[in-house]
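Novice: Sharing the feature lines straight out of TrEMBL:
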- A:17, A:18, A:19, A:20, A:21, A:22, A:23, A:24, A:25, A:26, A:27: ATP binding site (BINDING)
- A:198, A:208, A:211, A:214: Zn(2+) binding site (BINDING)
């Protein structure tokens with residue numbers, strides 16, 4: 001695929017991209033919207049090198065992805081989540097309320113850094129793959145949170161002050177079920193074989209098949225009627 | 001100094017703390033407000049080891065500081081500021097508008113990580129030493145920005161969702177001139193000798209005396225009628 005319009009007219013977007021099912025679909029949505037995509041990953045102690053390598057391969061293989069950065073954050077032992085604190089177990093049965101895999105203020109941090117990069121790139125939008133399935137559990141996946149961040153962005157940057165232009169936060173998956181996300185991604189040509197969703201993937205990026213994220217993903221393929229290409233260990 | 005009330009009743013605060021004049025005064029203000037202070041510094045490629053060591057010494061010497069973390073962020077070459085991009089010069093004469101030392105979305109990023117730590121600590125407030133002198137230049141030092149972040153925080157965390165409690169963002173220096181900040185800090189017993197404000201301090205933490213930050217600081221001591229203990233090179 002090539003970008004149809006002149007590069008100068010192509011809107012730029014920063015796309016939060018973990019290499020998982022949702023964010024890979026979100027990246028495909030941003031490309032389908034005609035954006036020049038700048039994929040942004042984070043390594044905050046949660047990821048195996050194999051997952052970051054997989055994210056790099058996926059981003060490199062997708063059309064309209066101009067570049068991909070991976071920001072590393074060392075929280076100096078703050079802990080607070082099963083994803084970053086070895087003392088907290090990742091649950092393997094369904095949990096009520098906000099699960100222990102919740103990372104305090106994670107999307108606020110991710111969106112903030114995306115905002116900085118968007119300002120540098122003069123990007124007009126940030127894409128984030130939050131959706132209705134997640135927002136039942138995570139506070140920072142809700143539409144009200146996203147709207148509040150957009151309001152903040154309209155005050156936070158040089159561009160906002162000098163030109164009145166803020167940055168739009170787009171959530172193309174917000175209203176979709178996991179099955180609809182899979183169907184939408186498949187229609188956009190996404191290859192999910194390399195995407196890693198599992199909270200505790202092994203060093204080769206193979207999924208456990210038991211954590212919350214694995215269960216939601218597996219059910220999504222089943223409900224979508226699409227063969228699950230996930231590599232389980 | 002010891003904390004008068006029972007530890008269980010002492011409110012906790014996360015204090016953004018660079019080891020500079022403003023944030024050191026802000027830390028003293030949080031302590032004077034009766035908070036158990038958790039100082040938070042950032043190393044995003046802008047700082048000499050000497051400055052981080054100085055920040056550690058200052059935090060360790062101040063009363064009511066329970067701990068001090070330094071979060072390291074590697075932006076993977078995003079650039080965009082004279083403080084992180086060697087290709088952009090730090091100006092040594094006054095600039096109009098937002099100066100090149102502006103780091104895109106910096107306070108949004110800092111406050112977001114402070115919010116995550118505040119959630120882990122069950123802290124009730126975040127202190128940030130923004131002030132009127134800065135907000136003429138930096139968009140993310142203005143009262144409207146701080147208020148927007150507080151609104152975001154009221155939606156972003158587990159505590160906000162489960163109990164309706166947000167986190168207050170306190171800006172005790174907002175309305176003060178640099179001279180008033182110095183006077184206030186001196187009254188609170190702050191020793192400014194070890195604080196580093198300079199944008200281009202040398203490896204021993206000695207100030208250039210010429211950059212915007214040095215000029216404002218020097219003038220602050222002069223206007224306050226207090227001897228300037230800054231180590232210039």
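Note: Cβ is positioned from N, Cα and C throughout, glycine not excepted.
Note: TrEMBL annotation is automatic and uncurated.
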Novice: Neighbour count first, Cβ atoms within 10 Å, every protein chain included; then name which of A:27, A:214 tops the list of binding-site residues.
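Specialist: By the 10 Å Cβ neighbour count, A:27 comes out on top.
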Novice: Quick one: give me the count of other CB atoms within 10 A of the CB of residue A:21 (ATP binding site).
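Specialist: The answer is 25.
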Novice: What other residues of this chain sit with their CB within 8 A of the center of the CB atoms of A:17, A:18, A:19, A:20, A:21, A:22, A:23, A:24, A:25, A:26, A:27, the recorded ATP site?
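Specialist: Everything else in range on the chain: A:129, A:195.
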Novice: Provide, as an integer number of angstrom, the distance between the C-alpha atoms of residue A:198 (Zn(2+) binding site) and residue A:21 (ATP binding site).
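Specialist: A Cα-Cα distance of 10 Å.
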Novice: Within 10 Å of its Cβ, which one of these binding-site residues (A:198, A:208) has the largest number of other Cβ atoms?
Specialist: A:198
Novice: Select the closest residue to residue A:214 (Zn(2+) binding site) from the following binding-site residues, measuring between CA atoms: A:19, A:21, A:23, A:27.
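Specialist: Of the binding-site residues A:19, A:21, A:23, A:27, A:21 has its Cα closest to that of residue A:214 (Zn(2+) binding site).
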Novice: Distance between residue A:21 (ATP binding site) and residue A:211 (Zn(2+) binding site) at the Cα atoms, whole Å?
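Specialist: Cα-Cα distance, residue A:21 (ATP binding site) to residue A:211 (Zn(2+) binding site): 15 Å.
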Novice: State the count of C-beta atoms found within 10 angstroms of the C-beta of residue A:17 (ATP binding site), not counting that atom itself.
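Specialist: The answer is 29 other Cβ atoms.
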Novice: List the same-chain residues at least 6 positions away in sequence whose Cβ sits under 8 Å from the Cβ of residue A:25 (ATP binding site), in sequence order, or say none.
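Specialist: Same-chain residues close to residue A:25 (ATP binding site) (Cβ under 8 Å, separated by 6 or more) are A:129, A:173, A:181, A:182, A:184, A:185, A:188, A:190.
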Novice: Could you tell me the C-alpha distance between residue A:27 (ATP binding site) and residue A:211 (Zn(2+) binding site) in angstrom, no decimals?
Specialist: 24
Novice: Please list, in sequence order, the residues in the chain of residue A:23 (ATP binding site) that are at least six apart in sequence and whose C-beta is under 8 Å away from its C-beta.
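Specialist: A:15, A:16, A:17, A:129 - these are the non-local Cβ neighbours of residue A:23 (ATP binding site), listed in sequence order.
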Novice: Just to verify a number: CA distance, residue A:211 (Zn(2+) binding site) to residue A:19 (ATP binding site), in angstrom, no decimals.
Specialist: 17
